[in-house]
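Novice: Structure below; questions to follow.
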Amino acid sequence: MSDRDPLQPTARTPWNSIYITSALTFVSAVQYSLYFTSLWPYMKILDPEINASFFGITVFCYSFGQIVAAPVFGKWSNKVKQVKQPLSAGLIFMFVGNLLYILMEVLPGPKRFILLVCRLILGFGSGNLALLRTYAATASLPQDKSKSIAYVTCGQALGMSLGPAFQVVFTVFGYPGISFFGLHINIFTSPAYFAALTNIAGAIFLHKYFEELYAEELEDDDEPVIGDNHNHHRTYDRRAVMVCYVTRFVDKYVRTNLETLGPPLAMMMFAFDKIEAVKYPSIAQGLVGAITFLTYIVFINFRVEQYLKLRTNCILALVFMIIFHFLTYPYAFYNNHVKYTNETGHPEIGCNVARYQWCFDLTAVNPWLYYLTYVVFIGVSFPVLTVSLSTLFSKILGPRRQGTQQGWLQVWSSLGRMFGAMASSSLYVKGGPRPVWQMEIAVIGAVIAAWFLFFNRMIAYQPVRTAKSDESENSSSNNTQRSYEVIRDEENIDRGPQ
């Protein structure tokens, strides 16, 4: 490892460090998705008294841990002027959470409460995702930001996608599996062992191979830099930042709704049986994953910003989202209605009229229309919005340490996931898919309106000289000070384009 001072700019993007950052992002993301399929059945074995409501609380604790930890890690990073220390803390939290999950079968007391603590600690650890995005955004040159952020988001997407796939490999252990010292390696505990090993590997790479280098000189957050007879005004456009926060919230809100309602919607709306409800959505999700991966490859290998501005990409992605919802809305004028069922038949297939009164008025959307539009519009909009918004957010903040702001961006992301899960289930039970779609159309429409309203503000931070810039030419005797200010000064922006 080099002895170079990380605070000294290198005038180039440190790609080796970006690659390691992407790998660490994969490690953090996989902690969440590894447990998707095995968590609930394992808990029913260890603690039969656990119910769906309490299990929902444990899932909530993961996001809550992120909400608490992300801004703390960000503030810590800004204070010590590096990301390595808080990243190490995040890996330690994740390792402890996985270790506690492994030991859960031999620990005394109700297992459901141990699980709650496990998920909370894992949530704390995954709060370091914001730091990884922070480093990718601030370590790269302006022309490389989209590419470096695409690497990191690709690592996160792969972690989220491959986590459930690893569970297929773990089935070889069966249950109760291999026993040693009272513990077991089986289909349910092997995800925790694997996750703990990735934490150890991540820590080794972080301390042995990761060099925290920056292409440009960074300024301390929220403090003016004065020197060389000039005052550097560093205030970024807070309204533009707030638009980014809300956009990330809506992004996660919509994603979570579609993920939560996917299987039950397929069985209710399209009368799919259990096999079909897994098969066809999985095919669609696989195609979406392929499009997502190709999108990241495009951002990595081509300078997309030369053809479409980042703010335009964000708006187009949101428009694609709302088009999907308009095309798949179950309009009342459709001729086909959903298939009715009741508790005495096959309640899992069709719309259960004994449970939901809204079944009688609900029309059916063609499954080909639903899944084709899902692949095309959602498959394009989600990755484009992720890369473009993350890149633009970093550029709006400018060449400063962004740990705190990136942490709050992750907070809004976690809030979107939490409210999405709660809102979709509540609205679906009360009124079916229509109010869910109406709410999503409303929130997407509102954030699109915000983008048009603040369109002129959604640009990169660009300090310009405004005073004493012509002093040498006019030989003024006044002691004019040289100052810098944000190009989007609020008074100028409020006047709008001339």
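Cβ coordinates come from backbone N, Cα and C, glycine included.
All TrEMBL annotations are machine predictions without curation.
Taken from TrEMBL, the feature transmembrane segment covers 20-42, 54-74, 86-104, 116-136, 192-210, 283-302, 314-334, 368-397, 435-455. Taken from TrEMBL, the feature region 'Disordered' covers 469-498. The feature compositional bias 'Basic and acidic residues' is assigned by TrEMBL to 485-498.
Context for these features, please: burial, neighbours, distances.
Specialist: Packing against the transmembrane segment (86-104) from elsewhere in the chain are residues 24, 27-28, 31, 46, 69, 73, 76-77, 80, 111, 114-115, 117-122, 124-128, 131-132, 183, 189, 192-193, 195-196, 199-200, 202-203, 206-207, 403: each is 6 or more residues past its ends and has a CB under 8 Å from a CB in it.
Taking Cβ pairs closer than 8 Å, the transmembrane segment (116-136) reaches residues 17-18, 21-22, 24-25, 28-29, 31-32, 57-59, 61-66, 68-70, 72-74, 77, 83, 86-87, 89-98, 100-101, 104, 148-149, 151-153, 156, 212, 390, 401-403, 406-407, 409-410 in its own chain, all 6 or more past its ends.
Sequence-distant contacts of the transmembrane segment (314-334), counting only residues of its own chain at least 6 positions beyond either end whose CB sits under 8 Å from a CB of the stretch, comprise 247, 250, 254, 269, 308, 361-365, 369-370, 373-374, 377-378, 380-382, 384-385, 388-389, 392, 433-434, 437, 440-441, 444-445, 447-448, 451-452, 458.
Sequence-distant contacts of the transmembrane segment (368-397) (same chain, at least 6 residues past either end, Cβ-Cβ under 8 Å): 133, 137-138, 142, 145-146, 149-150, 153, 157, 236-237, 240-241, 244, 247-248, 251, 255, 258, 269-270, 280-281, 283-284, 287-288, 291-292, 295-296, 299, 310-311, 313-314, 316-318, 320-321, 323-324, 327-328, 405-406, 409, 458-461.
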